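Visitor: Okay, handing you the structure first.
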Amino acid sequence: MYPVDLHMHTVASTHAYSTLSDYIAQAKQKGIKLFAITDHGPDMEDAPHHWHFINMRIWPRVVDGVGILRGIEANIKNVDGEIDCSGKMFDSLDLIIAGFHEPVFAPHDKATNTKSMIATIASGNVHIISHPGNPRYPIDFKAVAEAAAKHQVALEINNSSFLHSRKGSEDNCRAVAAAVRDAGGWVALGSDSHTAFTMGEFEECLKILDAVDFPPERILNVSPRRLLNFLESRGMAPIAEFADL
């Protein structure tokens, strides 16, 4: 098991079922050292208000030896790469994931989806693109992976895509992983947990990476320090409380 999980939702996204405390308890049981809460951006129908994200600054950094990153899974809104995260939200957040979600940005043709995703990557506002292998949103894998490598943005391999949602993602995710491998970029693994019980579960992700001989040194979840180095290289100030994770 990798000790970092970068994608999960709490009851603040009302189609999810666990609290921050639930995730902390599960992290302790499973040996997760660092995790990110990434509730849906406010343009989703059942997402929390933008004040929810701004107020994350009151969270403790470490609880019982488990580090907590303040994050969001923002929505890509348009072909210009705009996301539903802005202003003071950026000041409170450590990790910004962004992806396509049908209630906010309907599926388009391959060229339009690719243009939108690359614009988001190039904006400098995101660290990870969520579930880029979604078959509802065809993209040019090579072009997206090369843009992501250029701008130091990771592409996610999402464990939930193989179990509960986005059915038919396997071939696309293998193509994503191979394209990132060839471009020299990063992948991030996300459980996309909507209940704490699936936190840290990456078994299906690892099958995808093994199938394309993906280099483990380009996986962000290998250690807290690797993930923090990545975020710091993107401009996040070092967080003293995480020094001993």
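Yeah, the Cβs are placed from backbone N, Cα and C, and that goes for glycine too.
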Visitor: Glu73, His131 bind Zn(2+) 3 in Swiss-Prot, but which of His15, His101 does that record place at the same site?
Guide: His101
Visitor: So Swiss-Prot lists His7, His9, Glu73 for Zn(2+) 1; which of Asp182, Asp192, Asp210, Asp213 goes with them?
Guide: Asp192
Visitor: Among His40, His49, indicate the single residue that Swiss-Prot lists for the Zn(2+) 2 site containing His15, His194.
Guide: His40
Visitor: His131 (Zn(2+) 3 binding site): which of the binding-site residues His40, Asp192, His194 is the nearest Cα neighbour?
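Guide: Comparing Cα positions, the candidate nearest His131 (Zn(2+) 3 binding site) turns out to be Asp192.
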Visitor: Among the binding-site residues listed here (His15, His40, His101, His194), which has the Cα closest to the Cα of His9 (Zn(2+) 1 binding site)?
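Guide: Of all the candidates listed, His194 is nearest in space.
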Visitor: Neighbour count, 10 Å Cβ-Cβ cut-off, for Glu73 (Zn(2+) 1 binding site): what number do you get?
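Guide: By my count, 31.
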Visitor: How many whole Å apart are the CA atoms of His40 (Zn(2+) 2 binding site) and Asp192 (Zn(2+) 1 binding site)?
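Guide: One finds 11 Å between the Cα atoms of these residues.
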